[in-house]
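Structure first, then comments.
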Amino acid sequence: MALSFCGNDRGSSAYSVDNGVLDNGCFVDALNLVPHVFLLFITFPILFIGWGSQSSKVQIHHNTWLHFPGHNLRWILTFTLLFVHVCEIAEGIVSNTQMESNHLHLFMPALMGFIAATTSVVYYHNIETANFPKLLLALFIYWILAFITKMIKLWKFAEASLGVQQLRFCITALLVVLYGLLMAVEINVIRVRKYVFFANPQKVKPPEDLQDLGVRFLQPFVNLLSKATYWWMNPLIIKAHKRPIELKKIGKLPIAMRALTNYMRLKDSYEEQRKTEDQDKSPSIWKSMYRAFGGPILLSSTLRYMADLLGFAGPLCISGIVEHLDNSIEIDRTNKTGNMTFGVYFMSSTELLQNTSVLAVLLFLALVLQRTFLQASYYVTIETGINLRGALLAMIYNKILRLSTSNMSMGEMTLGQINNLVAIETNQLMWFLFLCPNLWAMPVQIIMGVILLYYLLGESALIGAGVILLLAPVQYLIATKLADTQKSTLDYSTDRLKKTTEILKGIKLLKLYAWENIFCDRVEETRGKELTSLKTFSLYTSMSIFMNVAIPIAAVLATFVTHAYIEEVRLSPARAFASLALFHILVTPLFLLSTVVRFAVKALVSVQKLSEFLQSDEIGDDSWRNAEMPLQVGSKYKHHGITKVVNRKGRYRMDNYEQPMRRQLRPTETEDVAVQVNGGYFTWGSNLSTLSDINIQIPTGQLTMIVGQVGCGKSSLLLAMLGEMQTIRGKVYWSKLPDYEVLYDGSIRKNRYSVAYAAQKSWLLNATVEENITFGSPFNIQRYKAVIDACSLQPDIDLLPFGDQTEIGERGINLSGGQRQRICVARALYQNTNIVFLDDPFSALDIHLSDHLMQEGILKFLQDDKRTVVLVTHKLQYLIHADWIIAMKDGSVLREGTLKDIQTYDVELYEHWKTLMNRQDQELEKETEMESQTILERKTLRRAFYSREAKSQTDDEDEEEEVEEDDDDNMSTTTSRRSKIPWKMCCRYLSSGGFLMVFLMVSSKLAKHSVMVAIDYWLAAWTSSNQHNQSLADPFVNATNYTKNDDAQIAEHRSYVPVFIILCGAAIALCLITSLTVEFLGVAAATNLHHNLLNKIIHAPIRFFDVTPLGQILNRFSADTNIIDQHIPQTLESLTRSILLCLSAIGVIAFVTPAFLIALVPLMVAFYFIQKYFRVASKDLQDLDDSTQLPLLCHFSETAEGLTTIRAFRHEARFKQRMLELTDTNNTAYLFLSAANRWLEVRTDYLGAVIVLTAAVAAIWTSSQSGLVGLGLTYALTVTNYLNWVVRNLADLEVQMAAVKKVNSFLSTESENYEGSMNVSQVPEDWPQHGEIKIQDLCVRYDTMLKPVLKHVNAHINPGQKVGICGRTGSGKSSLSLAFFNMVDVFDGKIVIDGIDICKLPLQTLRSRLSIILQDPVLFSGSIRLNLDPECTCTDDRLWEALEIAQLKNMVKALPGGLDAVVTEGGENFSVGQRQLFCLARAFVRKSSILIMDEATASIDMATENILQKVVMTAFADRTVVTIAHRVHTILTADLVIVMKRGSIMEYGTPEILMEQEDGLFASFVKADM
């Protein structure tokens, strides 16, 4: 039979045109070809040839700019057009099978139309990105021609009285409408752009975002197809494979998504409610959220509904395919002639849908569309959620900046609460938005599902649905329980972390006292509680997973068994498998529903907290700060200009420096008052006034001092002037500057209304030292140097690893109190403001520093600039420098005036001050004797870094690898390393879980999946049984023929039921077992890993702690342990489940239709590449998200802590800007991460759809048994859901395994050698009884890599001798003390104590028999008893006796609980001196005959030191005491003095003999110290 366009049926007059040309149907079809061919002829040359030469007029870096209006509408119409063309082709081909010969005209024009439509959209896209509108004319002409030709066809159909019941008529009508609409879109472009028919075409500018090269997030700007498939992400994801994604690569956010834009939207809708509704009611956050972000949520919900409805196409298509497989062979040709018009066959739409191939294609298209809509819906909600979070963060931040200080200090709003708002509540709301569309989409999905089931199975379907609905509340219950357990687990882990931190901070002491195991057990005990809670958590998690898998099995079981017994109709495979697929669809919403409800509840709570926060008090509007001051100043200042200079000499005779003469004040300046308070009553929020009746004036350009006792309101006075306190009544006036002083230095304008303020509690930013000092002002090198010098910061800066570019603050390096305070003062000095407020800047400084600061900083630097300085201080010796003094007492001003005034008018006060000054002077002399506190602080800093540098070679393996990666641009190696899955770590993790659990997990998983396949296979066999009776006939016809007398058949039918029940039961049991084994495998692994980690670290040599930063060790115990505890088990479970499901599905399909395996190969290759690229990019983006989150949270807590400072400096705007930048950076990372997830899911979903299509086509062509085909297709449908989970779980697991890797890297540290070569039994019970020490040729080093610190030291100490060791910093004194405890590497020589070489002793024994008092007092949280005697071996009397010796007995008696009184973390509730005395008592409780004191008196005042000396002489009279001395005068009474230098002994003998050697070291030390 030849192919001919019009067909050559017998006797047909296909080519005759007797009745008129247009009445020949074939000719009309040919006419329809014309426009398509026209378009192809015109566009192809333009696309292929003219393209290179045309360049866009506007240079722009993205080719994504969409120039023409109606863009999205055009894409949607074109896609619809393509779909209709596909239907037309299908209809044509199927109709063609009904004809005698092939009629090409039935489907050929449709095919050409399809090609032309595709071409049109490609052509359009190219023109649009190149902005060449004139070429659109070709399309315009095409739409007109196509519209006309289709109209003719439709008109002819109508003439032949064909109607809607004929499918071809409907298709033609649809096409006419579509072409008409497309024509309208084209006319609209002409109307807007005027590119033709108009004189002046319109010029266009690209949107602002696209002109900015920094914007890399293109989702809003690309065309619809690229939007739907995330095609624009390709370059990013593929490049990530070569080198990691950095922040630069992801650029900035588009303007519409920036936090500021969204904040304005939210704020406007929030404020609007204030105006419209009654004033008393607080505005609702829900309403403002709805007004600001309601639109996108509606869009997302619409997309979601469409996706859900399309989801039901799957089961229906399957049922159709299975049902018609058997009937497709026989086609009824009887009524052919009835539907012939124009000599061709017209079919109805139901007929078309009975064709299996058509159904397969439909199934494919439905899946693709459903997935596209679903991902689009997800994306829109996520974008909205991120926008909402940005807006909320900005809102919270603005509120923080306006919070009243009393709120913060009175504890209504703690820092913790604010951090929670930022870290938890905003995220809860964001997550709620993500899940929001589910709230209204799910009920619809469930109702639809149940209706369809009822249609397929009748009443028995309701039973299955009932089972599902009954079990849903159980799910919810489990979900809430899960949340509770998680909370309690969190509490325990915080507690455990606190204890671990304490151990790590005091590790030196623990080792020296051999207490590490006791404290280790304390942590293990808490960990035990945490693990119990974790087990509960695991139990609930596994229950939740179990419910999720078991519910559909139970429902299917209930349904099919009841169906077998109730209904008389035998279950056909078509219905069985369609309902099976429906049950699978129903489970997801039910499983998610519990989560969504939980999140909704959480969101309600969060909103409640947020609105409370937004309603809390704010500080008043401080417009007065820049007001004119209306007051004329009285004449009381006129003459004190001269007296000052006289008073100022007199003091500081010992320093002999002259005070430079101050220049005489110009009369105009004297009259100036900078700040004045009149009748001020101020409060901190309660109605009691803290400050009452304040009338003060602060003279401009002079130094005012505020003095008074502790707690008399000095700081409050400063804050009241800054407007931080609530004013009950009274006024604060700030003056304007005289005009001539506004321009200063010609260049820098003084910032008139900001005040440089240094608070009492020092506040640092997480930034470099330089940024902390300049604080946003322009950097001026001379000024900076001068300030650093005035605050004597240079020596401290030199010690930092990167100088003043070192990060300090919470996350940076910890500085001591004095260093922090000096940086804060430096910040106040550096700022170029007229007024400087310093709140007790000397409190943490020793005398030299404060003198230097006073002279250089305050008197020279500030006064030369003629800045007004207000100084709160306790150091009365500085009063003589003051130009004006304000004395305070109990919240009111006692006196105000110059020192001279006070001397004349208030003799009593002056005398009181004088006695105090004398006392301070004595202290001063004492202080100068000791090696000052500052030197000590610097020393600790140096120690920290010195040891760190040495370690840096062997630091963290992770870091090393990263460094290597960066150097290595050699592609292949980097790539392979970046895309490898860490199998080694997985094995390591599983082996920690124990072999038995792993075996159980693997076997039960395999068994479970086999049983689940068996259930479905049995169902296929059952439904296909005895089908031979009705092989060709329609199953519906047969159903009616069933009568009661076919009892045998029914009995046979029911005989399948018992096996089915048994299989389902087994499956449910196995589900329970697998979910439990995985979770408990996780618990076992977590237990082992943490236990090993803790033991390794606690027993590591002290050197390990010197070189490993504390933060790094703590991270292993916090973040990494948390991941191992809670995240890995779930990821592992999900991963194994998805992989096994995918494998079993592919296995089943291959079993049903082996031909499918051929198609599988290219699919697997595609899948491999998608997951490979995605995992790398996802990991990078995840890291970016994490690393950008931390600075954001820190910025919030930092701002809340430094509120007063920020407000005094008037830097709110700068901080807001910084917050917006940080938020945007974090949001960018998060957006890209979610876009990458969508990228992956769209691709895996399309792959899944292709799998379904190939499976269906293979099944149709090989025409296998219908039951099995149903089985295969049902499984193919599940694959689409699980493919992307495989990849996402793989990516997650990879990130999470990094935690195991980090923990593992610590597990390889060497432990100290605890055994020793002697047995414990060989050591006498009371050793060392005498305390005789022989040091023979001792050489010591800290590490085998390092130089020795002690070289060939020899000494002999007799029992009961008091020995002093002295020498400069770094001479090896401390190392010698550590050598007694075998804490350092003794590689030559030995120490013999009472005849035993200490290196041979077990460490525990050695360390428990000696005692030591360390330089820094260390106390642990717990009770006093625990601190003195953690082993609980001593009686109470012994403890009291020790406390009495240490002069602490009365103080402890006074505490509630006595010996069991609470010690807070680090002993913060005792003063430093008291802590040192506790340490002494601790040493005394352990009655050993040797005591070593390591610079124990360095950090305490004179009084405490005297006590210590006395105690040592009396209580330790009969013991050997080795003192390592800071200040030589403490060892002048010793029996023996050892002077060390550079690790060897220089002088050795009694102090008297050594003093006589004039040029000796000891003598020079003593001289220097006198």
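Using the three backbone atoms N, Cα and C, a Cβ is placed for every residue, glycine included.
Summarising the annotation, TrEMBL assigns transmembrane segment to 33-52, 73-94, 106-124, 136-154, 352-370, 376-397, 429-455, 461-479, 578-601, 1059-1086, 1139-1170, 1246-1262 (among others). Summarising the annotation, TrEMBL assigns domain 'ABC transmembrane type-1' to 307-602, 1011-1294. According to TrEMBL, the feature domain 'ABC transporter' maps to 675-915, 1333-1567. Residues or ranges marked as region 'Disordered' by TrEMBL: 948-975. Summarising the annotation, TrEMBL assigns compositional bias 'Acidic residues' to 955-970.
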Two-stretch contact, the transmembrane segment (136-154) and the transmembrane segment (1246-1262), at least three Cβ pairs under 8 Å: no
Considering the transmembrane segment (578-601), which listed stretch of 33-52, 429-455, 461-479 counts the most C-beta pairs under 8 Å: 429-455
Segment-level pLDDT (mean, integer) for the domain 'ABC transporter' (675-915): 81
Recorded stretch, among 73-94, 376-397, 461-479, 1139-1170, 1246-1262, maximising Cβ pairs under 8 Å relative to the transmembrane segment (352-370): 1246-1262
Which of 675-915, 1011-1294, 1333-1567 contacts the domain 'ABC transmembrane type-1' (307-602) most, counting Cβ pairs under 8 Å: 1011-1294
Intrachain neighbours beyond the transmembrane segment (73-94), with Cβ under 8 angstroms and 6 or more residues off its ends: 106-108, 110-111, 113-114, 117-118, 120-121, 124, 167-168, 171, 174-175, 178-179, 181-182, 185, 223-225, 347, 351-352, 355, 358, 361, 365
